[in-house]
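Going by TrEMBL, these are the annotated features:
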| type | residues | note |
| --- | --- | --- |
| TRANSMEM | 67-87 | transmembrane segment |
| TRANSMEM | 107-129 | transmembrane segment |
| TRANSMEM | 156-177 | transmembrane segment |
| TRANSMEM | 209-233 | transmembrane segment |
| TRANSMEM | 245-264 | transmembrane segment |
| TRANSMEM | 284-302 | transmembrane segment |
| TRANSMEM | 323-344 | transmembrane segment |
| TRANSMEM | 359-381 | transmembrane segment |
| TRANSMEM | 388-411 | transmembrane segment |
| TRANSMEM | 423-445 | transmembrane segment |
| TRANSMEM | 452-471 | transmembrane segment |
Amino acid sequence: MRRESPGYCIATFKHQKSVLNGILLRWSLIHQTDMDNIPSSTEQLPVIPLRRTDYLRLLLRKDKTPVAILILAALVGILAGLAGVAFDKAISAVQHYRLHAIEALPSVFSVLASIGISALLAMWGFWLVKRFAPEAGGSGIPEIEGAMEELRPVRWWRVVPVKFLGGMGTLGAGMVLGREGPTVQMGGNLGRMVLDIFRMKGNEARHTLLATGAAAGLTAAFNAPLAGILFILEEMRLQFRYSLISIKAVFIGVIMACIIFRIFNGEGAVLNVGRLTNAPLNTLWLYLVAGIIFGILGVIFNQLIFTLQDIFARLHGGEMKNILLMGAIIGGSCGLLTLCFPAMTGGGLALIPQAFSGHYGYAMLLTIFLLRMATTLISFCSGAPGGIFAPMLSLGTLLGTVLGMTAAAFFPQYHLQTGTFAIAGMGALFAASVRAPLTGIVLVLEMTDNYQLILPMIITYLGATLVAQFLGGKPIYSTLLARTLARQSADNAQASAQTAKQSA
């Protein structure tokens with residue numbers, strides 16, 4: 001019979017059917033035997049107790065979170081906490097030895113020494129940034145946001161030492177800069193360092209450890225774990241990739257950084273301003289007015305930063321000698337102000353309790369506010385390695401105290417406490433400038449331990465944010481990142497043009 005004939009096909013089909021029936025019969029007999037051996041009740045089943053390792057294995061099997069990322073997140077938090085504590089101690093030591101050396105000299109020589117030492121320290125910071133890691137200049141927070149979007153490089157082997165040593169120089173010189181920007185950038189870079197050392201692959205691990213380091217860095221600067229978490233979720237909401245893994249990692253990193261901070265610095269609030277009374281309900285409208293004022297100021301403040309940055313860029317033109325000269329002038333001026341008017345220099349956190357205690361009168365507070373506004377803008381816009389969180393907090397406190405005194409004078413029947421306006425104003429400028437009201441609220445609450453003032457703070461910060469948005473103000477960090485990316489594109493285009501010209 002040929003293979004193509006219908007008879008052959010029918011015979012083949014019958015043979016295959018008989019083979020299949022035999023297989024099914026044997027399978028049913030085997031399983032029928034197994035079914036006969038099954039106990040009729042659960043009481044007849046043998047009980048085998050689970051060991052702890054079995055529970056752990058089952059838990060890990062249900063939880064899809066890579067344990068390695070969480071372990072590395074804890075390591076990143078520890079490293080960021082240690083870096084933040086060491087950075088704070090190093091700056092305090094530089095400032096202490098600088099002032100101690102000046103005090104031992106006669107008055108004339110002390111002035112010259114103060115100017116000279118501060119000028120050299122500032123030049124040191126500017127030289128490190130220009131020579132080794134230009135991305136370490138300024139706050140550093142926009143650089144982390146750009147890195148999370150894979151738009152900016154992360155050269156941790158350069159940025160971490162340059163930011164640390166350069167920040168010691170500029171902040172040690174008395175320039176009006178904060179410590180939180182460097183700790184955030186160093187924390188993010190330490191996250192990338194851990195990623196590279198342990199050879200973790202994948203965009204999720206890279207992004208998660210960057211965000212964890214940044215949040216831990218902010219926590220290590222202010223002893224504010226919730227603010228560190230909210231800063232990532234709110235300010236970096238456009239860059240942060242929300243997932244269960246990333247959220248867990250950020251929480252773990254922040255916890256470890258906070259523990260490290262409290263081991264070295266204690267568990268108390270960063271700012272000791274005392275316990276203030278709550279604001280009566282009939283005075284809450286005054287905090288809305290304050291929020292409107294801060295919203296307008298935030299828009300002006302940001303615009304001044306962008307304008308002055310352009311002016312400084314035109315003045316030095318990227319030349320090393322011009323940058324060093326600029327650093328010497330700014331640093332020397334801050335050194336002189338340290339002797340004549342110390343409230344004008346430094347990050348400003350030490351100034352906040354003095355404003356609360358009534359150490360300054362109305363006119364002096366307004367004068368300090370205006371002068372510190374100028375020194376803050378000059379120091380930050382020069383490109384020196386340093387943040388702007390702390391200077392904005394001190395500016396907000398000063399203006400809030402002024403507004404509180406004004407309201408108390410116009411409305412004596414309310415029996416207003418100026419300290420409540422100082423608390424309300426402390427983070428209002430930050431909220432309007434950064435466009436992150438939740439972070440500002442939680443940051444101030446954790447720093448001052450005055451949780452009963454949350455209602456006037458919400459009104460002030462939300463009002464400031466809405467007014468800034470209504471006026472068309474641009475958030476500072478996202479705008480700084482956009483400006484950096486524009487310069488990067490221009491530099492790349494210029495380099496490509498030069499390469500093409502040389503090839504031709």
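For all residues, glycine too, the Cβ spot is worked out from N, Cα and C.
By the Cβ criterion (under 8 Å, sequence separation of 6 or more), the transmembrane segment (67-87) is in contact with the transmembrane segment (245-264), since 3+ such pairs are found. Same-chain residues lying 6+ beyond the ends of the transmembrane segment (452-471) with a Cβ under 8 Å from its Cβ atoms: 276-279, 284, 287-288, 290-292, 294-296, 298-299, 420, 423-425, 427-429, 431-433, 435, 437, 440-441, 444-445. Taking every recorded stretch in 107-129, 359-381, 388-411 and counting its Cβ pairs under 8 Å to the transmembrane segment (323-344), the highest total belongs to 107-129. Listed by sequence, the residues of this chain that lie at least six past the ends of the transmembrane segment (284-302) yet keep a Cβ under 8 A from its Cβ atoms are 373, 377, 392, 396, 399-400, 403, 407, 411, 414, 416, 421, 424-425, 428-429, 431-433, 455-457, 459-468, 470-476, 479.
Outside the transmembrane segment (209-233) by six or more residues, the chain places 69, 72-73, 76-77, 79-81, 83-85, 88, 141, 144, 147-148, 154, 178-180, 183-192, 194-195, 200, 240, 242, 246, 249-258, 260-262, 265, 269-270, 389, 436, 438-439, 442-443, 446-447 with a CB less than 8 A from a CB of the stretch.
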